[in-house]
């Protein structure tokens, strides 16, 4: 496994205060040390020491950052498009909208697929969360949330519950039931509580844990049954707009992107911020892992999507074009990771060739911003949710085949 | 779109960055260049002439040439420029799109660009509506009339000021020359169509929710701000890194390996359900399929993680391990996963159960891990927490990955599965058949029902559980009989 977090000690007595707690692995004067998050905060908040001023601290900061860039640069021996030169070009893509899901009365803000590959859940500005069978266009469940702007929704891995949250600062889990007389929303259980709007949520590998990220700048891991906070993650200096969990084998980590232009990778067990990428020029609206888990892509208001390699610890590709001026609000990869789908604020979806860095195709059709694109779990279709109140299930077919 | 009430902003919410506006302005300046920009012509309106009018087709052609894009994209880009208010239509002024014909447009004056004053003040809108009312009574549209009445109620306290301003502006406008006045009225009207659109229309100015922190402000510079950055940067420097050629090579390899499995890039056998409305593909590949498809079995050979994450693959692997008498490894790994992702309340009990079954001396399904890992695990179990078995789990995972997985791929169990795997024929539907398929779309079993069935089946299996050979062996050894020599895992 290439996940370096596996090797680190993550629980035990803190080197400073001795209490057994999740540990962060940090370095003081190049010596590795394990502190609990409280002691680390204390260390950071010590204030100006003797002989230090804000200016000296700033200079020290800058020199450390420069050293990090140098170290990163030393291993930078090749670019992505160079390695990809030998790879064949993707043939012409035929893109067809196969389903249009109508039913929301206001902007659709988020959607998620069920593991059964045909059901999906969507949430909207009108406060409604609808579970659809995408294949037959049936609306299976509809729930009204007590708030407008339900910006995050997620389907549980078992397919028996959904989570949603938004302006109410809470993320709730609603168990789904087949009894049509039952009011689904009545069985709703509040799991996550933040101090500002919920911008993203996802279940981990089971129905029992929920990861949420919020406009208050923190993300958190919750136990669904008890509503207990298992771990919180601090490090962003402004609103977090999106999060994504690493695909199964590499487990244990997730990435968040926020308004401070940073994309941070976190260790779920200790709460430590492991890696950080600050390459964008504007808010990061969406982050998504590459299917192998060793890289991720981000979409930003600066009209670019960027591709970051986690093992090499650097940005390896920028997907941009002169004619694309509007911010990208969402990204997702195709099953093999070769295609990158990005939804933009100019109502279009662009399809990029991840390896070559070029744009393959463009999709029109939505009449307002594309708020979310998501690949179905087996890679057979792409769903796009938009502010024009509809969701579209799109199918793509590569014409040049042996 | 309702008027966003400016009074609601308590100074704690900020609008997101609209980086696109700066970029759009650059494009606009290029478009207005007298030599290389869009061709313009004067437009005659009865007796007055409006200068610098441009046609829709010229705009689209210029954009297509400048950015090397096709007409459809150029049209979409042009429409966005109109939607933002940088270009306004002279005819049909309420529809903010570019028409690819000889319809006329003009560049909006920078005074009315969105970046100049945003968000737009309600006071200004009230003045504008009042002005139009003065000019000609009854000219306001229905939605504008509603807004006017509403503003009148909300801003009653400064209504005298508003009316006074409106009168002033009206008087000042009358003193201008007729062509200038017409142009200014057009510009102002276009400005308000963009910023106070009629209800039910899409507005490019709508940016959604505001942010909690001002994205346009600089971050505060306190000592702990720098300390935190330094702590993070230090640990980041010390983190091991991989050469780009290695990691990028792996990314490219992943793409090429999975290329033939990507439904968008290669044929989906028998057919993609979304394309043909035939769900055979899903039925063949359901989780508990007896006979897996060839593609599915091929994926198990790509990596150990793929094998484990597919329940059918895991079952096959379990079968293989049983034959090698080392199924406790997989069972341990599964129990650890269950612990990690389970409910907090059950954690302690699960940890104890796992210890008794797999780690304690003389445990019925004892796993073979090295001394150091055992020591860490046992000491951690004194205060059990979710990740207490991480070290042991990694060890067993690596063991399975490096040794057992390779042997599994070469084993008769796997070869047998591969031989029996089905490779369905590609569907070749005629148009009539496709139509028929579309009419026959059926709903599928709800995941809720599937889970109920699964729970019932598990309960049944637990009740009739076959005797675990290792338990029999341990019982025998406890009775003093020799247990057969266990194959030591390398």
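Heads up, the Cβ atoms here are built off N, Cα and C, so glycines get one too.
According to TrEMBL, the protein carries these features:
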COILED    A:54-81  coiled coil
REPEAT    A:101-133  repeat 'WD'
REPEAT    A:191-232  repeat 'WD'
REPEAT    A:233-276  repeat 'WD'
REPEAT    A:277-318  repeat 'WD'
REPEAT    A:330-362  repeat 'WD'
REPEAT    A:363-396  repeat 'WD'
- Message: Does the repeat 'WD' (A:363-396) come close to the repeat 'WD' (A:101-133), meaning at least 3 CB pairs under 8 Å for residues 6 or more apart?
- Response: yes
- Item | Residue numbers, six or more beyond the limits of the repeat 'WD' (A:363-396), whose CB comes under 8 Å of its CB atoms | 93-102, 104-115, 117-118, 120, 122, 124, 132, 134, 329-336, 339, 341-345, 347-351
- Summed over the repeat 'WD' (A:330-362), the DSSP helix, strand and coil counts are 0 helix, 20 strand, 13 coil
- Item | Predicted model, mean pLDDT over the repeat 'WD' (A:277-318) | 94
